[in-house]
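The next block holds one structure in the form of structure tokens; read it before the comments.
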Amino acid sequence: MAELVFFSGTMDCGKSTLALQMNHNHSARGRQGIIFARHDRAGASTISSRLGLKAEAVEVTDGFEFQHYVVQLLSSGGKVDYLICDEANFYTAAQVDQLARVVDELGIDVFTFGITTDFRTRLFPGSQRLLELADRVEVLQVQALCWCGARATHNARTVGGVMVVEGPQVVVGDVAVSPDEVGYEVLCRRHHRRRLTSATARAAALSPDVLPFEQA
Ligand SMILES: Nc1ncnc2c1ncn2[C@@H]1O[C@H](COP(=O)(O)OP(=O)(O)O)[C@@H](O)[C@H]1O
Ligand SMILES: Cc1cn([C@H]2C[C@H](O)[C@@H](COP(=O)(O)O)O2)c(=O)[nH]c1=O
């Protein structure tokens, strides 16, 4: 039976790598798939992983209709066994509904990949709908780590290494950027709540405030 699966995790936990690996394994067995992406860091119509893998993808825009796209392909004689949908957090709720219909009405497997929450710990609309509709939600096995060594569960947005909590939900970016750029850092919940990034933790450790008092 076809399935709608949501592979979820923080940024930088290997989602796009897994998406490309799954595409490779399925196509190696003669299955026909289509890759979709939205706002990939490497540019439009691309899926890219930090391990260097990259592939062409169909860019999902706001008005894009999955069911319509797949039905058109099938009616012109194409074969579609599965869809790989990366950066699915950026899809609209309506597009996730369309993906569920592709599974149920067309019997096509849909594998989606994305982060669940934004820099303010709020669900992205696409991720919320996937959590509501998916047959399975899979948390990736490779754990991204907070600077303290604990499992990273949340995504922080940083400016100059300092965590920010204001701004638009969508700002395409990466982890490990230069200090003057807007970037992201994955943190454990404890440090996300305290807004303690690796840079601010390092600065606090070096600050004279935290040195012991000299006894009189
Ligand atoms: N130089 C490297 N050597 C080994 N693994 C790496 C290297 N750079 C990145 N990775 C792996 O790639 C993962 C990020 O993969 P990616 O698919 O780009 O993540 P996501 O799509 O979840 O943001 C990292 O968690 C790490 O495991
Ligand atoms: C937390 C958060 C992230 N983003 C952006 C930043 C990246 O471009 C993508 C996530 O990509 P990845 O392959 O999972 O690393 O999402 C955003 O726009 N808003 C946010 O709050």
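Positions of Cβ are set from backbone N, Cα and C atoms, glycine also.
Over in TrEMBL, the protein carries these features:
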| type | residues | note |
| --- | --- | --- |
| ACT_SITE | Glu87 | active site, proton acceptor |
| BINDING | Val170, Val171, Val172, Gly173, Tyr184 | substrate binding site |
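Location within the structure of each feature annotated in TrEMBL.
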residue	record	DSSP (3 states)
Glu87	active site, proton acceptor	coil
Val170	substrate binding site	coil
Tyr184	substrate binding site	strand
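Same-chain residues that are not part of Val170, Val171, Val172, Gly173, Tyr184 yet have a Cβ within 8 Å of the Cβ center of the substrate site turn out to be Arg157, Val182. A Cβ distance below 6 Å to any atom of ligand 1 is met by none of the recorded positions Glu87, Val170, Val171, Val172, Gly173. Between the CA atoms of Val170 (substrate binding site) and Glu87 (active site, proton acceptor) there is a gap of 12 Å, rounded to the nearest whole number. Straight-line distance linking the Cα atoms of Val171 (substrate binding site) and Glu87 (active site, proton acceptor), rounded to a whole number, equals 13 Å.
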